[in-house]
Structure formats: structure tokens, C-alpha cells
Amino acid sequence: MSTVELNSQEQNPYFTTAMADVSPLLKKRQKTWFGRKRDILVLFSLLFIVVILTCAIFADQVSPYLPEYQQRGKGVAWQDPSPAHWLGTDGLGRDFLSRLIHGARVTVVLAVGVATLQLSIGITLGVLSGFFGGWADFIIMRFADLLYAFPGLLLIILVVSVVDTFPRILTAFIVITLISWPDITRLTRAQVLSLKQREFVESARVMGASSFHIIIKHLFPNFIRPIAALVPLGMALVILSEASLSFLGLGVQPPGASWGNMINEVGVHFRTSPWMILAPSMSLVFTVLSLNYISDWLLDE
């Protein structure tokens, strides 16, 4: 077909109208297909997170043994899976499934605790920076830039290795919280800077509303949704950081159970007992992936 014929078709109003009618339908079909696929992933992600939360909350009731319980006798270490021990036993004769379940509790407590403090600090500083501006904005943003200059995980490892005043997992909790707020602060600041110029905020000022009233009643309901969507992603990063620290021996200390130190404890036995490294590794991977899918879904909604 020649260029002249193509141009004539494109200029034809009937051709343009037909393409306009077909294009939204095609886009709708594609969107529906991808939407269904994503919704299935999100549904499985939510179900998996519910299972992890259930194991964390009811670990004592769900696990068949105490995580520190050691069997006595010959041949109790590195047992293969059996009806008595579904995932076998580790090098000290402890039930591996029980330790896996109790490891979920450490993961959930740390992730939820850091996320709560991260939101509190990040939103507070972001509102101060974006709403009031001035020196508060300058100091908060420059301090956030300073934290961005340091590699997060390396800074955590350095502080946890040097500071021995508190248990290492508590030190890690504090450090992760202190370096994880800048992302929330920057997003909150950007939202507040945009919202405070809107007409409904100006109307509230004219009517004599206080700054606190404007922030709570008008700004907070409008900026909290995109910020809340980042919470699962932040929790995923916290879980990875804790697992890395525990794997290096800087997080949860033995005999405590953590997915990171469980991977480390398997050591050279992963060749003869591959399920013992796959169980905590896959738990870690699926938890992080589930949180990422949930975060993406919340951002798109």
C-alpha cells in the first residue's frame, strides 16, 4: 500500500472513528487480562502474609516443639524429614520446623516495629518540612541527604559491630529505624507542598483554622494513602536487612531462631540436607515478594 493511500486513510474521518472505537476496547481487554493476573498475585501474596502473621502470633501453639528444645541421644542431629520432624532436625537435634515458625516471629516483630516508628518519624518531619518550610525544611532535608550518602546495610553492620551496650538485635532495630525515615519524609514533604497550595487549604486559612487543624483535617487524609503504600516495601527491606545481619552473626544470637541464622547454621550440610536451606530461604523470598506485590497494588489503586 502506498504512502498516499495510508495518508488518505488516516485523514478519513470514518477510519479515524473506527480506530478510536477499537483502541479503547483492545486496551480494556489488555487491562482486564493484566488486571486479573495481578489480582491473583496480590491475593496469593495477602494469603501468604496472613499465614506468616498467624505463625508469628501463635508460634507457641503452632510449632510442635520449643525452638531451643534439644533431643538427647545418638543420631538425633541432622535427621531427615519424618512424621515426628517434618523438616528434620538441625545439628543440635532441634526441630527445624519449630525454629522456622519461631523465626517468623522475629521477622514480623522487627518489620512491624520499624515500620511503625518509620511512619511516625517520617510523617512528622515531612509535615514540618513541607508545611512550615524555612530553617526546619533546610535542616531536615540536609540531614536526610547526609543519611543518603552512607550505604544503609554497611552503616548498620558498622554500628552493630561497634556498639555492644544493647543486644545486637535491639541495636539493629534502632539503627534501621534511624536510617529508614528519609524516604517517607521526602514523599510526605512533596505531598504537603502540593496540597497546601490547594483552594480548600486556603479556604480553611481564611476561616481562621489553625495549622494543626489544617494538617490533621485537610492534609493528612489526602497524603496518607500514597505513603501507606510504601509501608510494605519498607517492611521488605527491613526483613532483608535483619536476615543479612543474622546470617553474618550480627542479628539474632543463638539459641534464638531467625531465618538468617538458620541459613548460616546449615553450613556445609546443605548438600545432604538441601531442604534445610530451602525452607528459610524460600520463606524469606516469598515474604519479600509478597510485600512487594502488595506495595505495587496499593500504589496503583
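A Cβ is built for glycine as well, from the same backbone N, Cα and C atoms used for every other residue.
Sequence annotations record features per position, and here TrEMBL assigns transmembrane segment to 40-59 (among others).
Annotation comment: TrEMBL describes 104-295 as domain 'ABC transmembrane type-1'.
If you look up TrEMBL, you'll see 108-134 (among others) marked as transmembrane segment.
Taken from TrEMBL, the feature transmembrane segment covers 146-163 (among others). Below 8 angstroms of C-beta separation, residues 171-172, 175-176, 179-180, 182, 241, 244-245, 248, 250-251 of the same chain, each at least six residues beyond the ends of the transmembrane segment (146-163), sit close to that stretch.
With a cut-off of 8 Å between Cβ atoms, the residues of this chain six or more beyond the transmembrane segment (169-188) that come close are 106, 110, 113-114, 117-119, 121-123, 125-127, 129-130, 140-141, 144, 147-148, 150, 152, 155-156, 159-160, 163, 223, 226-227, 230, 234, 237-238, 241-242, 245, 250-253, 256. According to TrEMBL, the transmembrane segment annotation covers 169-188 (among others).
Taking Cβ pairs closer than 8 Å, the transmembrane segment (227-252) reaches residues 106-107, 110-112, 114-115, 118-119, 122-123, 152-153, 156-157, 160-161, 168-169, 172, 176, 180, 183-184, 187-188, 191, 258-261, 263-264, 284, 287-288, 291-292, 294-295, 298-299 in its own chain, all 6 or more past its ends. Positions annotated as transmembrane segment by TrEMBL: 227-252 (among others).
With a threshold of 8 Å between CB atoms, the same-chain residues lying at least 6 positions outside the transmembrane segment (272-294) that come near it are 38, 41-42, 44-46, 48-49, 52, 78, 80-81, 87-88, 90, 96-97, 100, 103-104, 107, 232-233, 235-236, 239-240, 243, 259-260, 262-263, 266. Taken from TrEMBL, the feature transmembrane segment covers 272-294 (among others).
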Requested in this report: May I ask for the residues of the chain that lie six or more residues beyond the transmembrane segment (40-59) and have a Cβ under 8 Å from a Cβ within it?
Outcome: 101-102, 104-105, 107-109, 283, 286-287, 289-291, 293-294, 297
Query - Within-chain partners of the transmembrane segment (108-134) [C-beta distance under 8 Å, separation at least 6 from its ends] - result: 52-53, 56-57, 140-141, 169, 172-173, 176-177, 180-193, 196, 211, 215, 219, 224, 227, 231, 234-235, 238-239, 242
